[in-house]
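Listed in TrEMBL:
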ACT_SITE  GLU104  active site, nucleophile
ACT_SITE  GLU108  active site, proton donor
DOMAIN    1-218  domain 'GH16'
CARBOHYD  ASN112  N-linked glycosylation site
SIGNAL    1-26  signal peptide
Amino acid sequence: MKFPCGTRFAFLVLFLIAAQSVAVYAGSFHKDVQVHWGDGRGKVRDRDGKLLSLSLDKSSGSGFQSNQEFLYGKAEVQMKLVAGNSAGTVTTFYLKAPGTMWDEIDFEFLGNISGHPYTLHTNVYTQGSGDKEQQFHLWFDPTRNFHTYCITWNPQRIIFTVDGIPIREFKNSESIGVPFPKNQPMRVYASLWEAEHWATRGGLEKTDWSKAPFTAFYRNYNVEGCVWANGKSSCPANSPWFTQTLDQRGIDKVKWAQSKYMVYNYCTDTKRFPKGVPAVCT
């Protein structure tokens, strides 16, 4: 199809505006994130910015955050967790908005004593309210090799995947009165910190500081999302993640992961919710 000269120019301008509103990151820790706490305990380990490490000792942990905020997007990274006795440590990859009524979408990896599995803790906060935890023991040792963890957040659902396998889908259920994160732009965060008072068997296992410093590794950071700038964000519908759903194969994979590897589900915790499980579970 051919366009008149003026039409082609207008089309080009619209294309450039759209390209600025949607960012696709090939993954450079040098240009896309900043190590915002830890006093040198977080480090980019290579010239190309593909590999970053976070460390924890008795004085401090460390963490990084994305330079930009996003309102919807797909955030992915490969991680290799703290090996050996990691009791009391928490390694994270998540999205979070600022403020006291914040939104948040969590991957948190709760360490354990040697020979016992990590617990992958997932949660969704909306307007400062969480209490939507699902926890898993993974089908592999996450300390031996890098594995890929991904959060897809679009207007209709949040999908958590591990090595491309969906393990959890949190649907937009506003139609039945369940808040969904849709109004607050979020940054991507990662951290390694100590939470021995609750992280391992409810705080029964304490951190062995003789094993410090504890170190976790991140590589191949990728974010495709709608950048929030000047009070607005634009998400074109032709981005695959923006309309991503789970087909029957994906639904079956979620059922497989949850039937074999889930160790806690708030939707079945009748002791915690004696008056009935939250509406989003029905």
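Quick reminder: no glycine exception, Cβ is built from N, Cα and C everywhere.
Counting only the Cα atoms, the space from GLU104 (active site, nucleophile) to ASN112 (N-linked glycosylation site) is about 24 angstrom.
Averaged across the domain 'GH16' (1-218), the predicted model reaches a pLDDT of 89. In sequence order, SER86, ALA87, TYR118, THR119, THR200, ARG201, GLU205 are the residues near the residue listed as 'N-linked glycosylation site', counting only same-chain partners six or more apart with C-beta under 8 A. If you draw a 10 Å sphere around the CB of GLU104 (active site, nucleophile), it holds 18 other CB atoms from the protein chains shown. Neighbour count (other Cβ atoms within 10 Å of the Cβ, all protein chains): 20 for the residue listed as 'active site, proton donor'.
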